[in-house]
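Feature list (source: Swiss-Prot):
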- Gly9, Pro10, Ala11, Gly12, Ser13, Gly14, Lys15, Thr16, Thr17: ATP binding site (BINDING)
Amino acid sequence: MPCRIAIDGPAGSGKTTVAKILADKLGIYYLDTGAMYRIIGLYLDKKGVENDSDIERELSTIKLEFINGDFYINGKRVGDEIRTPYAGICASKYAKKAIVREFLTRIQQKISKNENIVVEGRDIGTVVIPDAEVKIFLVASAEERAKRRYKELLDKGVKVSYEEVLNEIILRDKQDTEREIAPLRQPDDAVLIDSTKYTIEEVINKILEVVLEKCKLKLQKE
C-alpha cells in the first residue's frame, strides 16, 4: 500500500520547503503542483490566450514531464523563471479555468498513482488525491509568508520589493479561496499546522509523527 502525503496551504506557507525536506528524509518522491500551474500559466500568458477554446488548443500542444525531480515543457527544462511574483499571478489567473485544472490534475494523478510520494499544492487533499493516506494543511500569516518569499527571491538574485511580494500573497489568497473551481480549503481530515510560530525543523517533526504513525515508512535521513 503506497503512502501518499498531501500537503496543502496558501502561497508562501512553507509547503515547498517542508515537502522537499520531508521527501528527502523519507527517501520518497516529491511533486510541487504549484510549479506546474506556474509553468502552464506563464506559457499561456506568453501565448496571449484567454478563452477556453484557445486555451484548449494550446494545451493540446503541451507535453509536461516530471523527470528526476525536474519539470520539462515540450522537452525544455524549467528554471527559476517560474518563481517570480508575475508567474504566481499568471498561475492563479489560469488556475481558475476548469480546462487547465483538469489538464494538470490528470497529470498529477498519473504521477502520484501507486507511489510513496509527497505532493504539495492547494487542492491535493480535496481534489487530486482525496484518499491520500496523510493530509496536512499548512498555514502562516500573510506577513510571515511575504518575508519568507521575499528572502527566497533575493537569495536567487530576483529583484523585487517586499511590498510587491506581500501584495502578491494577498492577491493569491483572494484568488485561491474565492475561485469557483477547487478553491483552497482545508480537507476535513487534514492535520492543521500554523508554521508562523514554528521553525521548519519543528514543522517537519510534527508531520513526521503523523506520517510514521499512519504509513509503513522509515526515516532514511535524520
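All positions are counted from 1 along the displayed chain.
Glycine is treated like the rest: Cβ placed from N, Cα and C.
Feature annotations (Swiss-Prot) mapped to structure.
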{"residue": "Gly9", "record": "ATP binding site", "Cβ contacts under 8 Å, 6 or more apart": "Lys15, Glu120, Arg122, Ile136, Phe137, Leu138, Val139, Leu184"}
{"residue": "Ala11", "record": "ATP binding site", "Cβ contacts under 8 Å, 6 or more apart": "Gly34, Gly88, Arg145, Arg149, Glu168, Ile169, Arg172, Asp173, Asp176"}
{"residue": "Ser13", "record": "ATP binding site", "Cβ contacts under 8 Å, 6 or more apart": "Leu138, Val139, Ala140, Arg145, Ser195"}
{"residue": "Thr17", "record": "ATP binding site", "Cβ contacts under 8 Å, 6 or more apart": "Ile200"}
Legend entry - In three-state DSSP terms, the structure that Gly9 (ATP binding site) belongs to: coil
Legend entry - Local Cβ density at Lys15 (ATP binding site) - other Cβ atoms counted within 10 Å: 25
Inset, instruction - For the recorded ATP site formed by Gly9, Pro10, Ala11, Gly12, Ser13, Gly14, Lys15, Thr16, Thr17, name the remaining residues of the chain with Cβ within 8 Å of the site's Cβ center, in chain order. - result: Val18, Glu120, Leu138, Ala140, Arg145, Arg148, Ser195
